[in-house]
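Right, I'll just put the structure down here and ask away after.
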C-alpha cells in the first residue's frame, strides 16, 4: 500500500513539473511574437466602442466593420481595373547558364473600391496613409509573375508595404520585391547578341470578367541609370504589351508584360577571348620561318597552340548553357583551332618531304662523294715540297754539333738574307713548315708554308641540302595562312557584327 502511494505521488509531481515547464515555454513564445492585429470586422462591439468618435481610427473602423475582403469590388458587375506601374531599383545581369535575371522593384497597384469611400464628415487630407497591418483586411488583386523562378518580400526594418486609401475609394498599394525571372536566350550571335527579357504580370484566379490589369499611362516602368557588367539597357528600348492568356476549362486571364532589350557589351570578350586566341594563331605561324630540320622547336610550338585553343574552348563551354546550335563564339574558336591544327599538319608534310627514301639515298651519295673529293685534295697538298714549290722560298737549317734539324725552318731572318746555298744539300724527305726549329710559329707572306697550311686544313663536313619542295611548302604557308585567316575575319565580322 505504501508503495502504491509513493508511485502515485511521484506521478503527480512529474505532471505538475511538466505543466509548469510548458506554461513557461508558451509564455516565452508569446513574448517573442508580435501582437496580431484584428480587422474591425473581427473585433467585438466593446472594442470598437472604446475608439474616440472623431478619430481617424473610428473612421477606418466604420469603413471596415462590415467589409468582406473575400468579395471583390463591383461584385457581379463590371470587372475591376487595376492600374500597374513598376519602379526598378536594381537590375541584375543575365545568367547564361540558368537563363534568368534578377530585379529589385517597387510594384504599385491602384484600383477603386466603392466600399472604401471616406465619409463626408472626414475633414482630413484626400488620402489616408494606412499601416501595412491593415493590408490583410482589404480585398486585393491576385497578381503573380508568370515567368517568376523565385521571389521574396522585404521586411527590414519593417514590412516594406505602403498603403493609401483615397477619398473616392481608390486604393494604392506599393511593395518592394526581389524577383528572379526566367529569360529564354537566343545565343546564336553570342557574344554580339541582343536579348529580349520579359516580365509578365498575370492574374491567378480572376478571369477577365472580374479583373483586368492595365499599364499606367506615361511611363509605367521607371528605370533610373543602371550599369550592368555585360549589357546596356536603355529606357527607350523598353516595350509594353498585353499577354492575356487562355486556359482551357477556366477561360481568359488578364496579363500585361514589359520587355527589356539588353545589348551585350563585346569589350570583355574582345580582350578576354578574341585577342588571346588571335595571338595564339599568329604564334603558330612562326614555325613556318623555322628551319624544317629543327623539330625540337617547331613541334612544341604547334602543340602549344593547339592545346591552348582547346583549353579556351573547354573553359568557355563550361560557362555557357549546353545548346544544340552553333554560337558565333563557337565558330571563331573552331576556326582558330583548325588554323592551329593546320600548322601542325603543314610541318608533317614538310617532314615527309625531308624523309623521302629516294631523297635520303641521294643525300648519302652526295655526302660520300664530297668526302672523297676532300680526301684527294689532302693528298695533293702533302706532295707540295721544296722542289715542287712554284714560288721560291728562303729556307735554312740549324745544325747543333753533328746533328741537323729534322725539319726545314723558315724564318724572317732567312728571308732577309736571301740565302739559297743550302737548298741543294737538303734531303728529299724534308718538308717545309710554318714553324722554326724552336717550335715558334712564323709568318710567310708569299711562301710555300702558307699555301700548304691552307691545303692541309680539314674542310667542314657537308651540310644536308633541304629539298626545294619542302622549302616551297613553307614559303607558300607563310603567305597562304595569313591570307586565309584574314579572309575568314572579313567574312566572320561582316556576318556577326
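Any Cβ shown, glycine's included, is placed from N, Cα and C.
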Taking the topology from Swiss-Prot, would residue 169 and residue 327 be on the same side of the membrane?
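Result: yes, residue 169 and residue 327 share a side in Swiss-Prot.
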Which of these ranges is annotated transmembrane segment in Swiss-Prot: 328-349, 350-371, 372-393?
328-349
Would you mind telling me which of 269-289, 395-415, 416-436, 437-457 Swiss-Prot tags as transmembrane segment?
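Spelled out, Swiss-Prot records transmembrane segment over residues 269-289, not the other listed ranges.
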Across the topological domain 'Extracellular' (316-327), what is the average pLDDT of the model, as a whole number?
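Over the topological domain 'Extracellular' (316-327), the predicted model scores a mean pLDDT of 88.
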Quick one: of 197, 307, which of the recorded positions has the smallest count of other CB atoms within 10 A?
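So among 197, 307, the recorded positions given, the one with the fewest Cβ atoms within 10 Å is 307.
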Fill in the CA-CA distance, residue 174 (glycine 1 binding site) to residue 255 (disulfide bond), as an integer in Å.
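A Cα-Cα distance of 19 Å.
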I'm trying to understand the geometry here, so how far is the Cα atom of residue 243 (disulfide bond) from the Cα atom of residue 250 (glycine 2 binding site), in Å to the nearest whole number?
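So the alpha carbons of residue 243 (disulfide bond) and residue 250 (glycine 2 binding site) sit roughly 16 Å from each other.
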Please state whether DSSP places residue 183 (disulfide bond) in a helix, a strand or coil.
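Its secondary structure by DSSP: coil.
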Cα-Cα separation of residue 242 (N-linked glycosylation site) and residue 255 (disulfide bond), in Å?
6
With residue 307 (site 'Important for obstruction of the ion pore in the closed conformation') as the reference Cα, tell me which of the recorded positions 108, 183, 197, 255 is the closest one.
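The answer is 183.
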Given residue 183 (disulfide bond) and residue 255 (disulfide bond), what distance in Å do their CA atoms have, once rounded to a whole number?
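Distance between the two Cα atoms comes out at 17 Å.
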